[in-house]
Amino acid sequence: MRRSTAAVFRGRPVNVHSVRKIAIVSSFILFSHNYQARHGEEESLCFFSEDRRFEYGSQRSSVKMNFFRGVMGGQAAGSQPSGAETIQKLCDRVASSTLLEDRRDAVRALKSLSKKYRMEVGTQAMDHLINILQTDRSDSEILGYALDTLYNIICNDEEEEQDDSEDENAQKQADDLGAQFTDKFIQDPEHVTLLLTLLEEFDFHVRWPGVKLLTALLKNQGVQVQGVILVSPMGVSRLMDLLADSREVIRNDGLLLLQQLTKGNAAIQKIVAFENAFERLLDIITEEGSSDGGIVVEDCLLLLLNLLKNNSSNQNFFKEGSYIQRMKPWFEVGDDNSGWSAQKVTNLHLMLQLVRVMVSPVNSPGATASCQKSMYQCGLLQQLCTILMATGVPADILTETINTVSEVIRGSQVNQDYFASVNAPSNPPRPAIVVLLMSMVNERQPFVLRCAVLYCFQCFLYKNQKGQGEIVATLLPSTIDANSISAGQLLCGGLFSADSLSNWCAAVALAHALQDNLTQKEQLLRVQLATSLGKPPVSLLQQCTNILSQGDKIIRRGSKVQTRVGLLMLLCTWISNCPIAVTHFLHNQENVPFLTAQISENLGEDERLVQGLCALLLGICIYYNDNSLENYTKEKLKQLIEKRIGKENFVEKLGFITKHELYSRAAQKPQPVFPSPEQMLFDHEFTKLVKELEGIITKAVHKSSEEEKKEEEVKKTLEQHDNIVTQYKELIREQDAHIQELKEQVLSMTSQNEQMQVTITQQLSQIQQHKDQYNILKLKLGKDTQSQSNSQADGSQVNGLQTEELTQLKDELEELRKQHTLLKTQLGDKDALIDTLRSEPTQTTEGSARGTENTELLKELEALRGQIQSQSTEINHLKTERQELLGRAEAGSSDGVPSSNSPVDFAKIAELESRLAAQTTDMERLKEETKRSLESRADLEQQLASATSTVAILQTEKAKLQTEVQESKKEQDDLLMLLADQDQKIHSLKQKLKNLGETVEDEDDLDARDQTDDDDEEEEEDED
């Protein structure tokens, strides 16, 4: 329609009113055609506009032409309404029409005018459109028109090109319309909630415009809309459902919506992550072809970056969910890497950034180490190294891969060892580190690639003393192989090449090989370099100072200042905290005069940084000087600074380092990122060293020799106090160990006591069971005796059988009586042991003997319990036999035939009666013995209770001893603190008195005077 409109005015000046009329007519014609398509040719439509009514039916073509002529200023009479008036009439129609079809047609007309008359539609129709969304929920078509209209007036994406001659202020005002209408829409939070509700509609014509409208709102006023969605019930969950929509258009726009939703809001990021976003996004990436996918993969990766960047909770959730393992297939590249599409490069670049987010140095060390471990175990690091050594990989992908590998291995010993073992596919194979260093010192390589290689080398050496030793070893004379290129040879070659950037990179790389490693600093002093034929070799340290002293005379491609700054950073890192290296540096008579000359000169702006680094190097020589060289002791160097430079001037020049504009930029993050090679001056680790040494060197320069002596005395005093404190600490540790042993003994005795109580309880229950069994047996034996006396007329066969069984029963009872006697004897022994336990002393030192006797008592009680159990078993057996005997006797008396009263029968009966009487006597005696045994058992229980109380008393006393020991320990600590404070106060008071000119005698002088007075008194007494 815009093209046809432009064709109408081709060849004559454009009139704004004419364009507006054509737009109105076009929208009207479009409106009528849409209506005919829905309702047919013959149906008529009544359109109300104030007091005029138009009917469209069989005469529709003539009416169209008349309306067109009227709008264009033709033959039709009367003025035509403007765009604002037309929009006003349409709004009135939306508000007043009772028929849904009329409101739908009016909203459709507003939609067609919303892009051209954005301001008018937005100001007049927004409230009516929102009302349509609230009231006409049943009609998806009118909802779609309303949402599209709101999107057109809120969205800032202009489809039409703006005229170059258009006023800039008007353009800015047009760009600001989206924000204004967004503020008006979200002024009531219920509008956003209403929009979220509409997103639940499955109809495409409602859901898709709703997604686009919410995305536009988030783009214009993200923070406010995020706040409304965050407090809305199930608001984020409704938006997450868009990813599961089967229609790709809605799913893809849902990704864009979630990107805007998750920007800068950690709370929403967490909610989205816990709504299973990681699983869904990774599935979409896999379905779309991973790195070979299209723009959808890019959108998914951007959303993942929003969720994970600077969000430790989501990073931990991503790692714990084993999603790192699913990233490995992304980086599987084939042998043929030619012809990468721009989309694939973008996708792989984002994937590498996603890996870097998980192992970024700004994350917590624990989380980073855990992710690094997972990446190594799942093979992701190995896959990245494969890309690193592959051919045909685009330069920007190779650079980002190097940066990614750098952060995956940074600070991880396992990953660093693996990286050291990686070889490039060359003939002969070379280590990957060597191949990367070759690129770093090659000035023909891209600048960003060289920076990436330097960062990789720094990360390889970060907290890796093993790797540092391997790099330095390649420089030592004993390990140099003339047939192969080593990392050390490449670093030396770059250090002394004609390219200033190579000088700086090599110097910083070599400095990282010495970082916080005193052993390698001393080993590097052994490195000798052959400068030219016929001349003796010089040390690496000497060669660096020789190049540094040449100043502007050196020939370099690039910045000469960059070369000198790199060498000075290397020297400062090398000799810091290494007195031997300081001595080697000062041994060269030319170094100190060169440094003082550089510091004292008034140079330009470019040389100020060099002056500051020279001041730092000289200050390190003062602070870490062991005074082994007489000409360059600490005191003489400070006097030299005071005479030739001046202390204030020296400190001012030292401050040039931290005041440099590039210093703060390098101190922000470890990765060397510079816009141009000329700005590559500072290293991140070196900025930490400067921050650590600047204040120390300033104090060292201002201190006098007396103050240094006093500091040494204070250090010695502190060392003595530390020794005393150490001794007390050792004593306290010994006491703690002794207390711990006593606690263990108490616990052991307590457990033994509990076991003894349990054993006694069990024995008491067993004795009671035995007592009951004896009573039952007694009763049964009494009944048997009575029944036998009454059955004298029974047959001889029955009497003979009872006599036999009674004899066996008597023997068993005799054996039981012996066992009971033995048990009584053993109980007597236990009484003696308990008496011994009660009579033992209560001192803590005798706790071990008591524990031993208690242990013996426990063992004996266990043996006694076993015997009682065996006795119980025998009694049960005897009871069983007795019951069988009674049964057999009753059966014989009922079935037997009475015999004659012969003398033989009477004799047998008499004998049986005598045996039964004896048995009864024995049973009575056994009963008495059992009673005495029970009395003895009761006494034993009382004695054990007494022993238990004794143990409780011992425990109480032990607790008191422990409390006293703790109080004694606390008093000792307080006493030490008081003594230290008192010594400090006395020392400060003496110092103040000395400063005031008073004579203060030390403790040694006072002791000597006291001794002299005592000797004089003794001599006077002898004379008397």
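Including glycine, each Cβ sits where the backbone N, Cα and C put it.
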Of 771-798, 799-826, 855-882, the range TrEMBL labels coiled coil = 799-826
In TrEMBL, of the candidate ranges 25-59, 725-759, 900-934, the one given as coiled coil runs 725-759
Helix, strand, coil: count each for the residues of the repeat 'ARM' (124-161), based on DSSP.
-> 27 helix, 0 strand, 11 coil
Per-residue pLDDT averaged over the domain 'Uso1/p115-like vesicle tethering protein C-terminal' (910-1023) comes to what?
-> 72
